[in-house]
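Participant: Sending over a structure as structure tokens; questions will come in a sec.
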Amino acid sequence: MPDTNKRRVWAIVPGAGIGSRMGSERPKQYLELAGRTILEHTLERLLDQEEIHAVLPVIRPDDPYWPEVRGRLGAHPKLLGEAPGGQERADSVANGLAALTHRTTQDLVLIHDAVRPCIRAEEVRAVIATAGETGGAILAVPVADTLKRVDGEGRIEATVDRAGLWRAQTPQVFPAGILEEALEAARAQPAPATDEASLLERVGYPVQVVAGREDNLKVTRPEDLALAELFLGAR
Ligand SMILES: Nc1ccn([C@@H]2O[C@H](COP(=O)(O)OP(=O)(O)OP(=O)(O)O)[C@@H](O)[C@H]2O)c(=O)n1
Ligand SMILES: C[C@](O)(CO)[C@H](O)COP(=O)(O)O
């Protein structure tokens, strides 16, 4: 009999962006690295993760590239259909959460950017384990550079103390009920949110940082492609 007390981990993969900073002819999640699209690399890594119960891509409804990628992924017992992307990232994640009709409020929801293909199994395992113990958890890396606040003309206004500053990544993992509450609160008081942890912070839920790696990069600009391909090859 399956352990009914076991909390399942549902992965939502936001992949409904347009990649404006990349400036490519197709959205960056469909650019090929090492013979496959970035989206395929990311989905395959999560599908291979034994701690993950199911994977749900979030895709723009009019996305012309997804059917071919979906076909190449084939039938996989853990790959759910797809949920429709929204105007903002948080809307896409909310649509994904709403589509997970079999989850419980205690189950964990793992959100991972479609454009972070270099994620490692041990990192996913670590952030899931921490979320299971502490509530919410995210991968992040400590800031290594000196940080400057710069005005509209490119002049330095101030140096920002980097002590205690980390760069958030994904996966970000939360109990489904708490994530749902934080997303609903965000709808009631809209303000830009570039990650899901910030929504939990707003409603007072603690989120734990798990030290990640620089090679879990988010493919954002053209110069990221060569680096991501290098990291994908160095498995
Ligand atoms: N409305 C949106 C916006 C973004 N994303 C996803 O969120 C992840 C991280 O976002 P980002 O790197 O900003 O991707 P884009 O929004 O596509 O890039 P840009 O901001 O350069 O347009 C990506 O996998 C992107 O597809 C999404 O699912 N829905
Ligand atoms: C969620 C994220 O990857 C954490 O760093 C980042 O905030 C995504 O931001 P984007 O503007 O959607 O790329």
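Residue numbers in this text run from 1 along the chain shown.
Any Cβ shown, glycine's included, is placed from N, Cα and C.
Unlike curated entries, TrEMBL annotations are predicted automatically.
Residues or ranges marked as site 'Transition state stabilizer' in TrEMBL: Arg21, Lys28. Sequence annotations record features per position, and here TrEMBL assigns site 'Positions MEP for the nucleophilic attack' to Arg162, Lys218.
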Participant: Using DSSP and collapsing to three states, where does Arg162 (site 'Positions MEP for the nucleophilic attack') fall: helix, strand or coil?
Facilitator: coil
Participant: Report the same-chain neighbours of Lys28 (site 'Transition state stabilizer'): residues 6+ apart in sequence with Cβ closer than 8 Å to its Cβ, ordered by sequence.
Facilitator: Gly17, Gly19, Met22, Ile38, Val115, Val219, Thr220
Participant: Please report the number of other Cβ atoms within 10 Å of the Cβ of Arg21 (site 'Transition state stabilizer').
Facilitator: 13
Participant: Give the distance between the Cα atoms of Arg21 (site 'Transition state stabilizer') and Lys218 (site 'Positions MEP for the nucleophilic attack'), rounded to the nearest whole Å.
Facilitator: 12
Participant: For the recorded sites listed here (Arg162, Lys218), which one has the lowest count of neighbouring CB atoms within 10 Å of its own CB?
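Facilitator: Each of the recorded sites Arg162, Lys218 was scored; lowest Cβ tally within 10 Å is Arg162.
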